[in-house]
Amino acid sequence: MSRLAVELPGLSMKNPIMPASGCFGFGKEFAGFYDLNHLGAIAIKATTVEPRFGNPTPRVAETHSGMLNAIGLQNPGLNNVIDNELARLADVDVPIVANIAGSTVNDYVEVAEAISRVDNVHALELNISCPNVKEGGIAFGTVPDVAAQLTQEVKRVSTVPVYVKLSPNVSDIVEMAQAVERAGADGLSMINTLLGMRLDLKRRTPILANGTGGLSGPAIKPVAIRMIYQVSQAVSIPIIGMGGIQSADDVLEFMLAGADAVAVGTANFTDPYVCPTIIDELPKRMDELGIERIADIVGGSWKQS
């Protein structure tokens, strides 16, 4: 086994690096830059039952050390994703993680049941940051019992492992992680974006048409590290860590905190080569730090104390 290889439920990865959902389209957008087979896995853009056109513009705003986005889960819908987007990735020899979203539990179940049966889908990533229209618009990921019920229903129909993507916009992320673990989650991905806002000084209104948006990029990295450090000590399922990763050192820091693999998000927008660059840099940094196998350092920051 390669010194960079990691094994997670449903995901045999040649290295621990995957592009994060929502920052890589459906993969083909980056195929002109480098060979996608270089990646450890690919997490595709969120898929919903019906096509979604997303929020009105502006949907993106720059911030110091990051960005705000309120895209609104724009995607071509379940059937199109299966027939076209996933079909285009059929020749890519890399595990595919399908991110799924919805407005009701039934929406999630319908997408999960269909997309998990596609041959090249190896795992699902459950986006629980979506508003639950049956519960007054409260996000699925802010109430442990609601998140657990959703996880349980998706697990019931999925033929592949299910990773629950946790929102940081909660009072106790450990409680949330434990709730979805009890409900059958095979793994976690964390963290999703932090809720934020920017104002236009001339118009005296929010820059984003949606008002608020998700903050991502290096600005949220310390929050992600802290949450992964806490959660990894409280659950027994693997974690895909994300939140501001842009270098090999960032990857090693996330894994020392307790992540078993990582996803690179916002950095793809500023450097489309960031993922293969990190992969190529990792062995050198591991040599410098005396690390033989990358999987051996997972949780090293707390396992040694």
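In case you wondered, yes, glycine gets a Cβ from its N, Cα and C as well.
For Ser21, Lys45, Ala46, Asn99, Asn127, Lys165, Ile191, Gly217, Gly243, Gly244, Gly265, Thr266, the entry in Swiss-Prot reads FMN binding site. Gly265 (FMN binding site) carries neither a helix nor a strand DSSP state and counts as coil. For Gly265 (FMN binding site), the number of other Cβ atoms no farther than 10 Å from its own Cβ, over all displayed protein chains, is 26.
The feature substrate binding site is assigned by Swiss-Prot to Lys45, Asn69, Ala70, Ile71, Gly72, Leu73, Asn127, Asn192, Thr193, with similarity to another entry given as support. DSSP assigns Lys45 (substrate binding site) to a strand segment in the three-state reduction.
The annotation active site, nucleophile is assigned in Swiss-Prot to Cys130. Counted within 10 Å of its Cβ, the other Cβ atoms near Cys130 (active site, nucleophile) come to 23, all protein chains included. According to DSSP, Cys130 (active site, nucleophile) is assigned to coil rather than to any helix or strand.
Around Lys45 (substrate binding site), the C-beta neighbours below 8 angstroms that are at least 6 residues distant in the chain are Ser21, Gly22, Phe24, Gly25, Phe26, Asn75, Asn99.
Across the structure, Ile191 (FMN binding site) and Cys130 (active site, nucleophile) place their CA atoms 14 angstrom apart.
A Cα-Cα distance of 17 Å separates Gly72 (substrate binding site) from Gly265 (FMN binding site). Separating the Cα atoms of Gly265 (FMN binding site) and Thr193 (substrate binding site) is a whole-number distance of 10 Å.
Straight-line distance linking the Cα atoms of Ala46 (FMN binding site) and Thr193 (substrate binding site), rounded to a whole number, equals 14 Å.
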